[in-house]
């Protein structure tokens, strides 16, 4: 062997495989205000100590790999590595732990949810030493939050644009979700809006299909909005879904909505992707459009208790990426959502400062440093009998969206909208008078139905409809 290629054992570095916990498990570490903190629910393989499992998560989601490499000596691992700084057992679960990991801020590109998720929820979720892994929560430090624009407008600006105060906003998803022609679709929108709703909505899978191309839908919906505004004297909107196969096409659709004078567009942020979503959010702020966000595909990621990520993480990511509304579950309807857990991430969407509260699944205190808030949207299997509970649970800063609960009215769309508007106004008035919506809700609805035949008919149709199943994702 020539002298140039000969390797001396006394030189270089010590190769081989070493335990992650020797480098990445640091229980003595004091977290910094600039660290991004993560709480992982870790289920190790049998025989893998929890400290090793937590350290493996920290390593594989930051600077580590499966073996020692000589280029470790060319950087400062102490500066850049993730650290598992605490581990606690999960009550009531065997061999399951919460591992707390701190990441230095320099590991992440500024203003990029895409880069943040690529590291923290990347390859580590397929790591063989773990039976399952779930990201329960993230603490986004102010230093990183300030690199994001966030929601295009926020709650107060939206209320000012719409001139609507003191109550939740009312919406409706047009059904059937697929198959209507553009003209019939516009007719359905008009009937709902003239009946008293604030918004109607494209379903998440309405894009530009053969039965209804996007431009035709936009034109007929615009006609419906202008006609209903003229008749009611109220500002109306329809969530025009701009989601498309490319970012360029998405922006073209948003531009068309703006040119038609529409107040709001919509995006499917998980199927569309965070890069596309942030791009659209920036366009909406620059051009005065509100942005409604649908969370299609979220349950693929967040519904299983042991693997994936909790929706509160996706909600925080959305607030960073940008959106003025996001679907958040209903607690009382057909879609998954435990009350305290749902209220936990609803606060994370709306409020500026949220204290740690493990009873609601909030693992870290979160300071949004004045990043605009997001309106939670309650949608899915709700009807007039749910109105008192929804008003009490979500409060004024929310959107209550009744699809079948409007369009399923026996007298048609407009009477269905009237029934929902009357029920909402009755609940808000009763609450403002000091009545207990949780206890007196049914009585309040019955009283209002005495002078609203539309509400009385709705009450009769949906008096037996309930969705009572055990919640899968619990604390």
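Glycine is treated like the rest: Cβ placed from N, Cα and C.
Listed features, source Swiss-Prot:
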type: MOD_RES; residues: 3; note: N-acetylproline
type: MOD_RES; residues: 14; note: N6,N6,N6-trimethyllysine
type: BINDING; residues: 123, 173, 177, 295, 327, 379; note: substrate binding site
type: ACT_SITE; residues: 175; note: active site, proton acceptor
type: BINDING; residues: 201, 203, 204; note: Mg(2+) binding site
type: MOD_RES; residues: 201; note: N6-carboxylysine
type: ACT_SITE; residues: 294; note: active site, proton acceptor
type: SITE; residues: 334; note: site 'Transition state stabilizer'
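Counting only residues at least six positions away in the same chain, the Cβ atoms of 60 sit under 8 Å from the Cβ of residue 123 (substrate binding site). Using a 10 Å Cα-Cα cut-off from residue 175 (active site, proton acceptor), the recorded positions that qualify among 203, 204, 294, 295, 379 are 203. Taking Cβ-Cβ distances under 8 Å and a sequence separation of 6 or more, the neighbours of residue 295 (substrate binding site) in its chain are 268, 269, 270, 311, 314, 318, 326, 327. In the shown protein chains, 18 other C-beta atoms lie within 10 A of the C-beta of residue 203 (Mg(2+) binding site). The DSSP secondary structure for residue 123 (substrate binding site) is helix.
Residues 123, 173, 177, 295, 327, 379 are listed as the substrate binders, and the farthest two of them sit 37 Å apart at their Cα atoms. Shown are the recorded positions 201, 294, 327; of these, the residue with the fewest other Cβ atoms within 10 Å is 327. For residue 173 (substrate binding site), the recorded positions whose C-alpha atoms fall inside a 10 Å radius of its own C-alpha are 201, 203, out of 201, 203, 294. Its Cβ taken as reference, residue 175 (active site, proton acceptor) is surrounded by 16 other Cβ atoms within 10 Å in the chains shown. Proximity to residue 204 (Mg(2+) binding site), defined by a C-alpha to C-alpha distance within 10 angstroms, is shown by the following recorded positions from 177, 294, 379: 177, 294.
Excluding 201, 203, 204 themselves, the residues of that chain whose CB lies within 8 A of the CB mean position for the Mg(2+) site are, in sequence, 173, 174, 177, 202, 205, 206, 239, 241, 266, 294.
Under a cutoff of 8 A between CB atoms, and with a sequence separation of 6+ in the same chain, the neighbours of residue 177 (substrate binding site) are 203, 205, 206. Residue 294 (active site, proton acceptor) sits 10 Å from residue 379 (substrate binding site), counting Cα to Cα. Residue 379 (substrate binding site) and residue 201 (Mg(2+) binding site) are 11 Å apart (CA-CA, integer value).
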